[in-house]
Each structure stands twice: as C-alpha cells, then as structure tokens.
Amino acid sequence: MDTQVGTTASVQNATFVRPVGFYIRGFIALQHTDYYFIFLSIIYIATLLANFLIMSIIWFADSLHTPKYFAIFSLAVVDVSYSTALIPKSIDAFLFNARFVFYDTCLTQMFFVHYFSSMESFALSVLAYDRLIAICFPLRSNTLNSNTKMVLVIIVSWAIPFIVVTIMVALIPRLSFCKSTIINSYFCDHGPVFKNTCSDYSANWFMAAFYIVVLFFLPLAFIMLSYVCIIFALLKIASAEGRRKAFKTCTSHLTLVAVFYIPLLVTYIIAWVNVTIDTDTRILNTSLSATIPPLLNPIIYTLKTEEIMEQIKKYFRNRTINTVS
C-alpha cells in the first residue's frame, strides 16, 4: 500500500499542468452586476477624456513645460494606461460573457495591471519629490530639479516597477495548475492566480510581498518623509500668508495621495489582521480603488492648480475673440 501511494504521489509530482486558460469568476452573490460594469465603462470614458485634456494642455502650453508638469503629464499617462489595462477587459468579460481568458493573455493583463498600479504609487512619489525640492530648496530648485533631471527621475520611476513586476509575473509559468483554473477576482489577479497552483508557490508569495512593500509602502514612506521636511520648511517662513501660499501648492498632491492610498491601506490592513472579507466586497473595494483615482487625478489637478485653470481660461478667451472677429 505504501509503495502504491508513493508511486501515485511521484506521478502527480511529475505531472506538470499548464492550462489553456483561466475562468474569471467575478462577483459571486452580488445582483445586477451588469449595471456596475456599465458604471465602470462610464468611468473609463470620463478618465480618458479628463486625462487627455490635461495632457493636451501641458503639451501645447510652453509655460507648463516645467518639472512639476512633466511629473503631472507622466501621472496622466499612467492613469490612462492603468484604466485601459483593467476596465475594457473587465467589461468584455462581464457584459459580453467572455470570462474565459487564454493563459498568455491572462499573464499579459496581469503584468500591465500590476505594473501601472505600482506606477500610480511611483508617480505620486515623483510629485512629492518635486514639492520637496520646490519648498525646501526654493533658491536652488531650478538647478536641483531641472527639466532634464525630472525626465531622468521619471524614467527611473518607470524602470523600477517594470523590473519588479516582470520578475513577479515571470514566476507564474513555473507553476502547475492541477487544482482549479477559476480566478476569484474580476481580472487576472496575481494572488488569486498563484494560489490555485498545486506547486510550491513560496517564491510567488515572496514576490507578492516584495511587490507590495517596495512598490507601495516605500513610496508612501518617502511621501510622508517628504511632507515632514516640507512642514519643517514651512515653519521657518515668517509670514502666515507665505506659509499658506506655499502649502496651497501641496493640497492637490495630498488629496491624490489620500484618494489612492487610503483604500489600499484598508485592504492590506484587513488582510494583515486576518479578517476574512467575502469575494464580492473585496472586488468592489479593489475595483473602485483602481478605477476612481485615475479619474479624479486630472480633475483635482485641473480645478486646484491655478496655472492649468489659467491656460483653460486663456483658450476660451482666444476662442471668443476669434469668434467675434
């Protein structure tokens, strides 16, 4: 009997199962989910319009060709890319009943969604770097943070997540999926995918933790440290009006940080304290926290940034003059 069990185990261990694809389960008990994905499609269209608007303003306004607006332009590109990697495929899966995703397509979506998700975090930290230099080193900001140096910072901020996410996704093909190919998420999510394997996924678990710490918590720590330095710099300004004006330049960025990180922190804190949340609640939380910030980012920066509002007013003034003449 022992020999037979050993033989069976060795056959199972020797069998490597690579599935044709995966089935995206999505919501389990939530009713009328079609309406939710119609809502996400509206969010997606609005996200594209808002971000292309702010990119066009920055592109065509020579006065906005500064390090700060290079960083905002980069954030807008990330917003469009993140939403495009996530929402259209989810709409196709749940509105048009195309929940089966081929293996390679699944890994491709996994890469781009996780890459641009982490890029949101890095883009916010680049904006924190810009505010840090501008407020803490006002007299040297033009030399410390020139356009060329900001472009280099942005390139590095795109490269680091690329390397980490590439390694994380590259570890998936080594896994054998002899259990289930049903993914308890609304896209090809890294965690729900590797947890379906019958192989040892300790390396995948490590990379998932590494991904969260390095690409989300470290940028957040940098942002918090930056604002500690900014607060100390503001306290050295003699007039209250001067402090208010300097801090006003940070309010848009702080709003974006709160919108992006608070839902993220809630999700990871709940997981850390081992509180079990049902799949539907988790999908609602993660999908909203992934789709709402890319829409709000350009809106907040447009409404709360005087330079961008001035460019919009200038455009409409010129259009009115041209119409009259």
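Cβ coordinates are placed from backbone N, Cα and C, and glycine is handled just like the others.
Listed features, source TrEMBL:
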type     : residues : note
DOMAIN   : 50-301   : domain 'G-protein coupled receptors family 1 profile'
TRANSMEM : 35-61    : transmembrane segment
TRANSMEM : 67-88    : transmembrane segment
TRANSMEM : 151-172  : transmembrane segment
TRANSMEM : 209-235  : transmembrane segment
TRANSMEM : 256-277  : transmembrane segment
Do any residues of this chain, six or more beyond the ends of the transmembrane segment (67-88), have a C-beta under 8 angstroms from a C-beta of it, and if so which?
40-41, 43-44, 47-48, 51-52, 54-55, 58-59, 109, 112-113, 115-117, 119-120, 123-124, 126-127, 129-130, 134, 145-147, 149-151, 154, 157-158, 187, 290-291, 293-295, 297-298, 301, 307
Taken over the domain 'G-protein coupled receptors family 1 profile' (50-301), the predicted model's pLDDT averages 91
